[in-house]
Structures are given as structure tokens and as C-alpha cells.
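Below is one structure, written out as C-alpha cells; comments come after it.
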Amino acid sequence: MRALNNSYDVVVVGAGPAGSMASYNASKNGAKTLLLEKSQEIGTPVRCAEAVPRLEDFGINPDPSFVRSYIKGGYLIAPNGKQVVVKGGKTDGYVVERKVFDKYLAIRSGQAGTQIAVKSRVTGIEKTDDGYNVFVNYLGDEYIVKTKIVIAADGVESNIAEYAGLKSKKSHKEICSCAEYEMTNVKLLDNEMMEFYFGDICPKGYIWLFPKGDTVNVGIGIIDSKKRAIDYLDEFLTNPLVKGRLDNAVPVEFKVGGDPVGGPIEKTVADNIMVVGDAAGHVSPLTGGGIGLSMSCGLMAGDVAAQSIKAEDHSREFLSAYEKRWKEKYYKPLMKDLKYKTILQKLSDEELNAIADSIPENLEEVDVGKLAVKIVAKAPSLLRHFKELI
């Protein structure tokens with residue numbers, strides 16, 4: 001059981017949501033698939049706020065073993081405390097226990113036929129005439145695994161895409177630094193609603209409170225700041241905006257990480273290789289959210305990989321079907337979010353307050369173009385920021 005085989009149709013590197021969904025779909029459609037995970041336990045370390053979209057859309061039952069809270073919307077809170085409620089439409093979802101959820105996705109992949117190897121570090125890949133040699137340190141032993149297709153799902157610090165000549169590394173200005181406490185004894189505005197705080201308290205980012213059953217994820221994401229994310233987060237815990245609600249809060253876990261928020265990478269396919277998930281920039285530049293997007297793109301990559309094996313064609317041209325599919329569905333929304341992020345980062349606290357005062361207090365969805373018209377009508381001085389959206 002410990003030993004790896006000499007060859008596979010598909011090798012997926014990284015057992016996060018993108019990698020597990022890719023390997024699941026590849027195996028389900030007949031490809032001999034290996035899923036490699038560098039950690040000794042799938043799902044650790046946890047690096048994010050753990051919010052996911054409707055799992056039913058992926059054919060996944062929201063099992064109580066990993067679902068901690070149902071989410072029906074969120075509060076957008078301006079520096080002056082003005083609250084805008086976003087509720088209904090596509091805002092519902094779940095907060096999950098990532099340690100359990102990620103492992104569930106991997107188990108699902110294993111049940112579809114994937115071989116899984118934890119504590120497996122890929123030290124390099126080498127192009128061959130018909131695929132790649134993948135160099136793996138698995139539980140201390142060295143292996144060379146031959147494969148026809150590599151799927152790089154190895155996260156924001158992806159090396160696999162770089163080995164293959166596909167640029168995936170981001171500059172520090174494209175990485176959102178995140179810090180988060182999981183805390184008990186937190187009083188939320190609503191136990192089924194997320195809370196988002198903006199302004200100078202979290203430069204070029206936001207602070208979040210996400211309900212998680214008996215606990216709450218209290219976190220921050222910032223970009224290119226003079227201080228550490230944890231410093232801003234600690235200051236927020238005593239901010240008047242949350243006065244009386246975090247006074248008795250007790251941390252039970254602390255997490256740090258980075259989110260790629262510079263938009264998707266230019267090329268996600270080459271001969272015998274595809275890139276997916278954080279490694280591909282499959283993350284909203286505006287919100288930093290990417291679990292659902294990565295799961296969806298992972299399914300696409302796994303499907304195309306299996307088709308490629310059946311067709312005995314692993315060329316860039318054939319694998320480009322994957323890139324075409326994810327770009328048709330997600331590229332424009334991601335680029336819009338990148339534009340919105342750029343605008344948001346330029347706004348002062350006074351301008352954020354003016355925006356909150358200019359839009360309805362209750363929204364079913366966030367249509368930025370329509371909101372921009374209302375904002376400028378009530379606060380003409382903001383036209384310089386929003387003229388591209390009107």
C-alpha cells in the first residue's frame with residue numbers, strides 16, 4: 001500500500017478542493033489517477049475563512065460532519081458603522097470545518113478510484129516525449145513516477161506550474177496576507193450572517209466575522225501594508241464598531257496564509273499539464289474567495305484529463321478545452337472583480353461612508369454597475385472612481 005506505481009495516466013499535485021475535485025473527476029471517468037499531498041494530513045494547515053458556496057450545486061450533500069453554519073447573507077459595514085445588508089439571491093452558502101471538508105473531498109476521490117499519497121513532496125518534474133517524470137519524496141523514500149498528464153493544484157506557492165514554464169508566481173502586491181482567530185464567546189449581529197468591515201482599519205482589504213457553530217472565525221486580509229495582518233486584527237478586537245461583542249472572546253485556534261488576488265494567470269495549459277485552483281489564480285481578486293471556483297475548475301480539469309487519456313492526445317491543443325471552459329465561465333467575472341478591487345483600494349474612509357449612505361440598506365444582490373449610478377447620483381464627488389462602471 002505504501003509503494004507508488006511506476007506510471008499513471010494522471011498525477012494531481014495538491015489535495016485541496018481543486019486537486020481533490022480534479023482527481024475525482026479524472027478517476028470517475030476512467031483515468032488511472034494519483035493524488036499527491038505534501039502534508040501528512042489532508043486539510044491541514046487551514047489557511048482561510050472556510051466559507052463555501054452552495055455545495056448542492058456540486059452534487060455534494062452538506063453533511064453535518066463538516067458543515068458548521070448555514071449562511072444566508074452578510075453585513076457590509078462602513079467605517080462609520082453604517083450597515084448594508086446583502087441577503088438572498090446567490091449569497092447563501094456554508095461555513096465548513098476545512099480540516100474535515102477537504103478530507104471528505106479526498107475520500108470521495110479515493111472512492112472513485114484515485115490512489116492518494118500523503119506526506120508526498122514533489123521535488124521536480126521532467127518533460128518526456130509522452131508526458132512527465134514526477135520526482136516524489138513519499139514518506140522519506142524517493143520515487144520517479146511517469147505520467148501522461150500533470151494537474152498542478154499545489155496552491156498559491158505553486159512550483160509545478162513554474163517547473164513547466166507556466167508563470168504562476170505572484171508579486172507581494174498580488175498576495176493578500178491573511179490572519180485569523182477562531183474564537184468562542186463572540187456576539188454576532190446575526191448567527192446566520194457574515195460581517196465585513198472596511199477602511200483604514202484594514203488597508204486594501206477587509207475584516208470578517210464568520211459564524212461557525214459554537215465559534216466564530218474573526219479574520220483579516222490586507223495587501224502591501226506597513227504592519228502585519230495580525231497587528232491590525234488585534235487592534236480591531238477592541239474597535240468601537242464591535243464594542244461589547246468581543247469583550248469576552250477567547251481564541252481556540254490561530255491561522256495565517258496568503259491569497260492570490262492579482263487575477264488568473266495568463267496560461268493554464270501546456271503539453272501534458274494543466275494548472276488549477278490557487279495555483280492558477282482561481283480566486284476572486286475582490287473577496288479573496290476561491291473554494292467554489294477552484295472546485296468547479298477542478299472538475300473541468302479532471303474531465304478534460306480523462307477525455308485526453310481516452311483520445312490518446314495530451315497536447316496543449318487538446319487540453320486547451322479546459323482553459324476555454326473555465327475562461328468562458330469565470331474569466332470576465334474575475335477581471336471585473338479585479339477592476340472593482342482597484343477602485344475599492346483607492347477609497348478613503350469618508351468615501352466609503354458616503355457610499356454606504358448612498359445605497360439601499362438591504363440588497364438581494366450586488367450589481368456594481370447599477371449601484372455605481374445610485375452612488376454617483378447621491379455623491380457626485382465619487383464620479384472619478386466610478387466613471388468606468390457607469
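Yeah, the Cβs are placed from backbone N, Cα and C, and that goes for glycine too.
Feature annotation from Swiss-Prot assigns FAD binding site to Ala18, Glu37, Cys48, Ala49, Ala51, Arg98, Val122, Asp278, Gly290, Ile291; the stated evidence is sequence analysis. Every protein chain shown contributes to the tally, and the Cβ of Val122 (FAD binding site) ends up with 22 other Cβ atoms within 10 Å.
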Neighbour count (Cβ, 10 Å) for Ala51 (FAD binding site): 22
Assigned conformation of Val122 (FAD binding site) - DSSP reduced to three states: strand
Gly290 (FAD binding site) in three-state DSSP notation: coil
Residue among the binding-site residues Ala18, Cys48 whose Cβ has the most other Cβ atoms within 10 Å: Ala18
DSSP-derived structure type at Ala51 (FAD binding site), helix or strand or else coil: strand
